[in-house]
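Colleague: Below is the structure I would like to discuss, written out as structure tokens.
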Amino acid sequence: MLSDIPRDALLRPLTRNEVVGMLVRLTVFGAATYYSIKWVVDALDPTQKQKSQAKKRAEQLMKQIGVEGVSLTEYEMNIATLLVDPRSIKVTWRDVAGLDEIISEMQDTVILPFQKRHLFSGSKLLQPPKGVLLYGPPGCGKTLIAKATAKASGCRFINLQASTLTDKWYGESQKLTAAVFSLAVKIQPCIIFLDEIDSFLRNRSSMDHEATAMMKAQFMSLWDGLDTGENSQVMVMGATNRPQDVDAAILRRMPTAFHVGLPNAAQREEILRLILSGENLSNAINLKEIASQSEGYSGSDLKELCRDAAMYRVRDYVRKQQMKQIAQQFQLDEEEEHVDSRQLRPVTQLDLLFGLDKMRESKQATATTDPANLREVPLD
């Protein structure tokens, strides 16, 4: 083909139009190649749809909490999907009963330094702690306190899940771990909450997988290491019912620890009063009697007890309706009486005692009321 082109045409310089045309063709070819390769790579990536959804959700959450104009990496976008808007949390301090002392300490230690930072800027001793640990038996209100803290503080809140930091590709877990703290710094003041922290940051041993050990080490380094600023407004809050399984280096980074133990009789009465508030109760209700007979019960147990008691009136109503239907089959000439299903009898003391007996049988079957099973593990 080149032999058909005159020699003079090959040797002469290109005209302006020919240069522009060549550049246009090269640009179009390069763009087509780039987008073709990108389309193939995206099509082969099984997580592409998940990443796209995560990006949309992260942008929506960032807008809800009032963070705009902040550039996030791909890994920070994944962590941003775990953000919680404090305004969407329905739990307040009024929903926590029997823990007045802990609530007061939480307000002074955690919430006040974030809300009144100008009062604490002149002293290193008045800086908020880097970490806070809530520990105690299950069902005693640790997670409830964390929710109320997030609501009251008004800080950005990351509800971190351990599964979010695990990835099958080598090195990805470390990048996600780094993104947790880089995102928290960008949107500070921020609280990073780890529920059941013992399952993620448990005691290290030689049996740990290399990737897991590296992830724990990086988490601690970013949390409180050489690069950590003294004026950082990032706090890690954890909750566990097995503090003895949490690594010692993690406990060192959580100098402020609150023991949320089983409620005493007075606290149980207060919890029962809160749970039953707004319910249709009989005037003969004696919550002090129920509280005195529920030794070793957690707040979660008391809520289940009240739920069972409320169900007894529903069962009575259903049985009465069934008996009326049977009677109407033999009295077809009489007009059927209309009964409003919302009109249930009040919860009585007998209902609560029945619920207490049922809960006691359940706990005896699982041996959860045995004092040996309820002993507290000291937090060193």
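Placement of Cβ uses the backbone N, Cα and C atoms for every residue, glycine included.
Keep in mind that what you see is a predicted model, and the values were worked out from it rather than measured.
Just lifted these from Swiss-Prot, have a look:
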{"type": "TOPO_DOM", "residues": "1-18", "note": "topological domain 'Mitochondrial intermembrane'"}
{"type": "TRANSMEM", "residues": "19-37", "note": "transmembrane segment"}
{"type": "TOPO_DOM", "residues": "38-380", "note": "topological domain 'Cytoplasmic'"}
{"type": "BINDING", "residues": "G136, P137, P138, G139, C140, G141, K142, T143", "note": "ATP binding site"}
Colleague: Using Cβ-Cβ distances, find the residues under 8 Å from G139 (ATP binding site) that belong to the same chain and are at least 6 apart in sequence, listing them in sequence order.
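Modeller: When sequence neighbours closer than 6 are ignored, G139 (ATP binding site) has S298, G299, S300, D301 within Cβ distance under 8 Å.
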Colleague: Out of G136, P137, P138, G141, which of the binding-site residues is least crowded by other Cβ atoms within 10 Å?
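Modeller: Looking at the binding-site residues G136, P137, P138, G141, the Cβ with the fewest others within 10 Å is that of P138.
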Colleague: If one looks at the chain holding K142 (ATP binding site), which residues at least 6 apart in sequence have a CB under 8 angstroms from its CB?
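Modeller: Result: L134, Y135, G136, A239, T240, N241, V260.
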Colleague: Let's check the environment of T143 (ATP binding site): how many other CB atoms sit within 10 Å of its CB?
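Modeller: Here the count is 16.
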